[in-house]
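Take a look at the structure set out below.
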Amino acid sequence: MPVGAVLVHNNQVIGEGWNRPIGRHDPTAHAEIMALRQGGLVLQNYRLLDTTLYVTLEPCVMCSGAMVHSRIGTLVFGARDEKTGAAGSLMDVLGHPGMNHQVKTIGGVLAPECSGLLSDFFRMRRQQKKQQKAELKLSDD
């Protein structure tokens, strides 16, 4: 899934990531987590105070929880995720009053472009699967 993330501190990129759970055999290898991990290494601190995370898709519950625990300042995301979004669509982990830290959230930035990337990706995947089925059928004949 073409999700990318960039973590910024003092106008400098300190972390970046893209979704790699399948290739890494790691269910936590989401773009946001990868960027947060890099940021922690750069700052030599798990608390990523005064940082902004930019991501193409609204984060899931796991990623949102990591943002709260790392205490990022701001999240900026593009496309909303009505099925698993935890920054306001399905639920709001980042702004929940019961949490020990709230993350300022700005959603819908370049939403049409981000949604288009995701739609194009899934369209391509469907075409690839269709082609694979056709090739298998030909090899069986």
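Every residue, even glycine, has its Cβ placed from backbone N, Cα and C.
All annotation found in TrEMBL is predicted automatically rather than curated by experts.
Positions annotated as active site, proton donor by TrEMBL: Glu32. In the three-state DSSP scheme, Glu32 (active site, proton donor) falls into the helix class. Within 10 Å of the C-beta of Glu32 (active site, proton donor) we count 29 further C-beta atoms, all protein chains included.
A coil conformation is recorded for Cys60 (Zn(2+) binding site) in the three-state DSSP classification, outside any helix or strand. Counting only residues at least six positions away in the same chain, the Cβ atoms of His30, Asp81, Thr84, Gly85, Ala86 sit under 8 Å from the Cβ of Cys60 (Zn(2+) binding site). Feature annotation from TrEMBL assigns Zn(2+) binding site to His30, Cys60, Cys63.
The domain 'CMP/dCMP-type deaminase' annotation in TrEMBL covers 1-90.
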Q: Using C-alpha atoms only, work out the spacing between Cys63 (Zn(2+) binding site) and Glu32 (active site, proton donor) and round it to an integer in Å.
A: 6
